[in-house]
Amino acid sequence: METIKNAANYVSESVQQAGATASKETNKQVAKDDNVSIGNRASAAKDAVGDKVDETKHDFKGEGYKEQAKH
């Protein structure tokens with residue numbers, strides 16, 4: 001039963017990581033866009049950094065669940 005729970009948690013973390021990655025990439029594009037105001041570009045850059053932190057966190061947690069599911 002614990003293996004199933006860990007596998008489900010791994011899938012959940014993988015989905016959350018994918019969402020953070022997509023958000024990060026979108027924010028990076030906004031931050032680079034010369035047609036966007038400097039305030040919005042700065043905000044998008046800050047958000048991209050936060051998304052990268054989330055992406056890394058979900059990757060780390062997902063790998064932990066994946067390893068636990070193997071045992």
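Backbone N, Cα and C atoms are what each Cβ position is placed from, and that goes for glycine too.
According to TrEMBL, the region 'Disordered' annotation covers 15-71.
Per TrEMBL, compositional bias 'Polar residues' is recorded for 15-24.
Annotation comment: TrEMBL describes 25-35 (among others) as compositional bias 'Basic and acidic residues'. Through the fold, the compositional bias 'Basic and acidic residues' (25-35) approaches residues 41-42, 44-45, 47-48, 51 of its own chain, all at least 6 residues removed from its boundaries and within a Cβ separation under 8 Å.
Tertiary neighbourhood of the compositional bias 'Basic and acidic residues' (48-71): same-chain residues 2-3, 6-7, 9-10, 13-14, 16-17, 20-21, 23-24, 27-28, 31, selected by CB-CB distance under 8 Å and a gap of 6+ residues from either end. The compositional bias 'Basic and acidic residues' feature in TrEMBL is assigned to 48-71 (among others).
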